[in-house]
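Starting off with a structure, shown below.
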Amino acid sequence: MLIDITLKELNNGEARVVRIFKNAGETVKAGEALFELEANKSNITVESEAEGKICKIMVEESQSVKAGDVLARIEGPPCPQAAAAEDTADFNYFGTLLKPQEQELECDITIIGGGPGGYVAAIQAAKMGAKVILIEKDVLGGTCLNRGCIPTKSLVRSAEIFKNLKEAEDFGCQAENISVDIKNVIGRKNRVITQLVQGIEYILKKHDVRVIRGIGEIKDCNTVFVKEKAAEITIKTNNIIIATGSKSSSLPIPGKDLECVMDSSDALQMDELPEKMVIIGGGVIGMEFAFIFSGFGVDVTVVEFLDEVLAAFDSDIIEEISKIAKSKGIKIFTGSKVEQIIQGEDGQSIVVFSKDNEKKYISADKVLMAVGRQPSLDGLDVASLGLELNDKGRGIKVNEKMQTNIPNIYAIGDVTNRVLLAHVASHQGIVAVKNIIGVPSEIDYNVIPSAIFTDPEIAMVGIGEKAAKKQGIDVEVGKFPFAASGKALTMGESRGFVKIIKQKCTGKILGGAIIGPHATDLIAEIALAVKKGLTCEDVIETVHAHPTTAEAIHEAVLAAEGGAIHFVN
Ligand code: NAD
């Protein structure tokens, strides 16, 4: 059977062939590299999709190629009918090719899962001189790149552009006939993902990390097995890092499997915008999607079980974002427990929930379930390995070095169920690798910034006012509203504030929260202050550029020390 090796998807039009690894007449295995292409600052490796003999190489080095071009032709195993006919022959040439190829590999560290935990750990380990194998069953980049942080931010940006166009007149500009094409919004999001995934593939290759596509199974603490296409690979390894991430949770309620019910991954692949959407769960995912879809003109209702949305934040932040959500037409029901989803005769869904002992009903075209994520232990035989889990069996238990109860097996990221954030997973990956290599390292969970991409953004680091009170820490709070910031006013983004939490007796900055323009970028300054134990005086003495939104941090710190310059309480 002849198989054409075709260039699948390209981000930016064309690529250039920089290397051809095989000649016509040579044999090639499935997954073996055939070509290296240079495309938009990143290199792409084109692998053979089949095992066989190369009949023809269709391109030359330096040649430009585009998606859809045939790069090589391979004589592979016959199609099933032909193979059946071959069975009767005395000599079956292709029969030997169809047998699984057994391979044995050796390495220092095998990493299972190529998300922001796993791939960062792989790069870090390779940089420190280790021989690394990374196993990924899907696409590199994990939830963060493919179904989480990056795709949602691409949608957030599209919603922001749409908003800016609608508000153009306020800025003295004209924009007419504005509309959203969700197919193109999703298309752009996909192109951003492809570019980033290709970038990661390129970096891993440059660091000589062997990436194997398949499901990694831990046989014992020094053996991992993986099937990659026709190859059965046994890896003998000194250490293992489990980085298998998490998956969306669902409520065990009637109607949860109806067609209208989506999880966050489905919501990132829509080809049509619904008129009405109900979001179950007013946590981080629920609120980010509420602002995205409301920004595109969808009628959004959020139903949250707790008495507040984004319950981990201080109440002044929650009040502010709830007020802004209301002003944008987002309806929020708190203290409301969703109990059932019903499919109506007219195709509409009805979300049934109870609030104050009363049953309530809301209709919608689509229902987004955003009630949390759970560690993904699929394929890991935790029990027979003897891996200890956290209390209530949620996630793999690790110590501060990211080591499990089996000394040479480490776990990082969402699978540990500690803090489900991409930047935490990456940091945990670096900590695990350093400890494996013999450089003692621990993660400081007290200084983990969180960034929520609502409109406006919200960010927080260190201790909050609520938590400080609970822990009996005597604090003073300094606040500065963006309405008093020159830069924020020029941007037309004057909602929100910066809030600094100062320890009374030492003057040290223990935490901070921001709601407003650039909040998710600005939080880095407060994170550094908390991590380094800086006092308010240290920040006050640091000149902040004018006009920037960062001045609002300077002013909030001044407020905590007796009074801001550009605002009077
Ligand atoms: P979450 O735990 O933050 O929020 C889920 C919400 O659903 C909770 O507020 C919960 O009270 C509510 N809920 C549960 N059962 C309910 C019911 N029957 N009726 C109504 N409400 C109900 O989970 P999430 O928002 O799905 O996010 C999952 C994880 O992903 C989190 O750990 C989050 O930190 C992470 N994440 C982070 C970001 C970011 O940092 N920007 C973005 C996306 C996801």
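Glycine is treated like the rest: Cβ placed from N, Cα and C.
Owing to the predicted nature of the structure, the values given are computational and were not obtained by experimental measurement.
So TrEMBL lists these for the protein:
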| type | residues | note |
| --- | --- | --- |
| DISULFID | Cys144-Cys149 | disulfide bond |
| BINDING | Lys153, Gly216, Thr244, Gly245, Ser246, Asp414 | FAD binding site |
| BINDING | Gly281, Gly282, Gly283, Val284, Ile285, Gly286, Met287, Glu288, Glu304, Gly372 | NAD(+) binding site |
| ACT_SITE | His546 | active site, proton acceptor |
Where among the recorded positions Lys153, His546 do you find the Cβ with the fewest other Cβ atoms within 10 Å?
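Output over recorded positions Lys153, His546: least Cβ neighbours within 10 Å is His546.
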What is the Cβ neighbour count of Gly245 (FAD binding site) at a 10 Å cut-off, with all protein chains included?
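So the number of other Cβ atoms within 10 Å of Gly245 (FAD binding site) is 26.
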Since the record lists Gly216, Gly281, Gly283 as binding-site residues, which of them has the fewest other Cβ atoms within 10 Å of its Cβ?
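Checked Gly216, Gly281, Gly283; of these binding-site residues, fewest Cβ neighbours within 10 Å: Gly283.
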Taking the Cβ of each of the binding-site residues and counting other Cβ atoms inside 10 Å, which one has the highest number: Thr244, Ser246?
Thr244
Would you mind reading off the Cα separation of Glu304 (NAD(+) binding site) from Ser246 (FAD binding site), to the nearest angstrom?
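It is 22 Å, counting Cα to Cα.
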Out of the binding-site residues I have (Lys153, Gly281, Gly283, Glu304), which ones have their Cβ sitting under 6 Å from ligand 1?
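Going through Lys153, Gly281, Gly283, Glu304 in sequence order, those close to ligand 1 turn out to be Gly281, Gly283, Glu304.
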So of Cys144, Cys149, Ile285, Met287, which of the recorded positions has the fewest other Cβ atoms within 10 Å around its own Cβ?
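Fewest other Cβ atoms within 10 Å, among the recorded positions Cys144, Cys149, Ile285, Met287, is found for Cys149.
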So among Cys149, Gly281, Ile285, Met287, His546, all listed as recorded positions, which is physically nearest to Gly216 (FAD binding site)? Use the C-alpha atoms.
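Looking at Cα distances from Gly216 (FAD binding site), the smallest one goes to Cys149.
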Same chain, not part of Gly281, Gly282, Gly283, Val284, Ile285, Gly286, Met287, Glu288, Glu304, Gly372: whose C-beta falls within 8 angstroms of the C-beta centre of the NAD(+) site? Give them in sequence order.
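Same chain, not in Gly281, Gly282, Gly283, Val284, Ile285, Gly286, Met287, Glu288, Glu304, Gly372, Cβ within 8 Å: Ile279, Phe289, Val302, Val309, Leu310, Ala370, Val371.
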Could you tell me which of these binding-site residues, Glu304, Asp414, has the fewest other Cβ atoms within 10 Å of its Cβ?
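Each of the binding-site residues Glu304, Asp414 was scored by Cβ atoms within 10 Å; lowest is Glu304.
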